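Chemist: Residues or ranges marked as disulfide bond in Swiss-Prot: 64-291, 76-88, 109-151, 295-319, 487-491. Residues or ranges marked as N-linked glycosylation site by Swiss-Prot: 18, 34, 178, 310, 497. Residues or ranges marked as signal peptide in Swiss-Prot: 1-16. Summarising the annotation, Swiss-Prot assigns topological domain 'Extracellular' to 17-527 and lists sequence analysis as the type of evidence.
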């Protein structure tokens, strides 16, 4: 927020012995030797006294764990954390605003795939918590708690913590399983379950007896039925088989039915879904530090009050809008017209029409004067404050127009959804183009308004002084007035503060004006008289020449012959 402390500065210079002419008072505005270029609606390069950068280009090389809660998945992605893979125990009961997935995350259990991976990932991320509720499932005449050498814990064969691998009983039986669970709670439940795909028919019968197997999971509104796809696949962690994981959401009052004759990877419970939570996920290698920031990107955290940033299009939290421009400057001061280097303070006194004043440090507008008591400079409180009041809060208003608590994450799609991904990227690129254009236009509008306001206040101040002085002074055309009466420092002060009474000095001013005009004419009158004098001189010269010729002819000194 722009704030300027207005102080009246009066610098007395010289003495009455150094100046004997008429008092002069000039109006001017602040200037600096090197201003800042900004863009307006009508000009790409306008120099102003001060401007503020609106685009943040700096970021912290770390993620800030406050005030947003961050959970580092480390070697586990969010899906492995939900399944309960080895090495993911640190995620049990974890709660987050932003789940940090690392590019180095790896699978550590039986090789698997999730046909609707991104949807499951999004549901888990948005939920903001791993709140797993264990349930009792009555499976009949089958073996439970199957394990695999691909899933080691403490060098022992194991399996996903939150899943139960069902196989045939010791009596080689895998009878039809038909199990129903009712959601009698007040929240939605997320069940994650799987289907095992053996690599051979022999493995199928050795594990489940029945070939083919089948898994069907139903609710009142949906049904998913899967027949295992038996076949050899590349070996991963010593396994050629695969598990496909699916998920089902059961709303309050709904039921879920598990029906299988083999190959079911059964849930041990469900995840409690929080419909009010609005968490998200960020894939980045940036470490978590000890800083404080409400905005995170895949390149690090941003701590700024600026409304725009060009660090990353992937941002989470209370972040500036991403724009393509590297710089957008908001004018917070008036148009800058630097003072000529060769001009002293009063070497050739001039007002705002010719240039600005670099010595006017305590205000935007002010006065310079020269009289019998010396010279001086003073800032004008009223006009400066009027301009500040209109500009003050401009940055805050601009932030309000652009600030929105939102997150923009990089969306991922399966390979079969390539066209959707291309369309999504096109839409995101279009949104960024529009925001970049809107940001540039908005800043240009604000800059135009700022310059117009400051120019207007200068004109208002000049008009106020002109109305005060009236015929007691003459406008010199450069922002200065020559005063035709004695005007000491008190008189000058009355002009500045608006208490000047022209009637007091009127007679003296008129008398002095007539005396001065008898000797000293303004530049406009000089030009007219010079032209008249030149014309008369030419006329007299021609008349004398003709008179001489006539006289000479009469005396016989000149003979004229006209031949036809």
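Backbone N, Cα and C atoms are what each Cβ position is placed from, and that goes for glycine too.
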Chemist: In the structure shown, which of the disulfide-bonded residues 76, 109, 151, 291, 491 has the fewest other Cβ atoms within 10 Å?
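Modeler: Least crowded of the disulfide-bonded residues 76, 109, 151, 291, 491, by Cβ count within 10 Å, is 291.
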Chemist: By CA distance, which of the recorded positions (34, 88, 151) lies nearest to residue 310 (N-linked glycosylation site)?
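Modeler: The smallest Cα gap between residue 310 (N-linked glycosylation site) and any of the recorded positions is with 34.
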Chemist: Taking Cα atoms as reference points, which of the recorded positions 64, 178, 291, 497 is nearest to residue 109 (disulfide bond)?
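Modeler: Nearest by Cα distance to residue 109 (disulfide bond): 178.
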Chemist: About how far apart, in whole Å, are the alpha carbons (Cα) of residue 295 (disulfide bond) and residue 151 (disulfide bond)?
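Modeler: Residue 151 (disulfide bond) has its Cα 37 Å from the Cα of residue 295 (disulfide bond).
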Chemist: Let me know how many other Cβ atoms fall within 10 Å of the Cβ of residue 319 (disulfide bond).
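Modeler: Cβ-Cβ neighbours of residue 319 (disulfide bond) within 10 Å number 26.
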Chemist: Find the one among the recorded positions 34, 64, 76, 291, 319 whose C-alpha lies closest to that of residue 487 (disulfide bond).
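Modeler: Looking at Cα distances from residue 487 (disulfide bond), the smallest one goes to 34.
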Chemist: Which one is closest to residue 291 (disulfide bond) in space, judged by CA to CA distance, out of the recorded positions 88, 151, 319, 497?
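Modeler: That would be 319, the closest of 88, 151, 319, 497 to residue 291 (disulfide bond).
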Chemist: Do me a favour and check the Cα-Cα span between residue 497 (N-linked glycosylation site) and residue 491 (disulfide bond); whole Å is fine.
Modeler: 10
Chemist: Quick check: of the recorded positions listed here (34, 64, 151, 319), which one has the Cα closest to that of residue 76 (disulfide bond)?
Modeler: 151
Chemist: Rounded to an integer, what is the Cα-Cα distance in Å between residue 151 (disulfide bond) and residue 64 (disulfide bond)?
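Modeler: About 34 Å separate the Cα atoms of these two residues.
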Chemist: Going by C-alpha distance, which of the recorded positions 34, 88, 178, 319, 491 is nearest to residue 64 (disulfide bond)?
Modeler: 319
Chemist: Whole-number Å distance between the CA of residue 319 (disulfide bond) and the CA of residue 88 (disulfide bond)?
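Modeler: Between the alpha carbons of residue 319 (disulfide bond) and residue 88 (disulfide bond) there are 31 Å.
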Chemist: List nothing but the one residue from 64, 88 whose Cβ has the fewest other Cβ atoms within 10 Å; the candidates are the disulfide-bonded residues.
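Modeler: Among the disulfide-bonded residues 64, 88, the sparsest Cβ neighbourhood within 10 Å belongs to 64.
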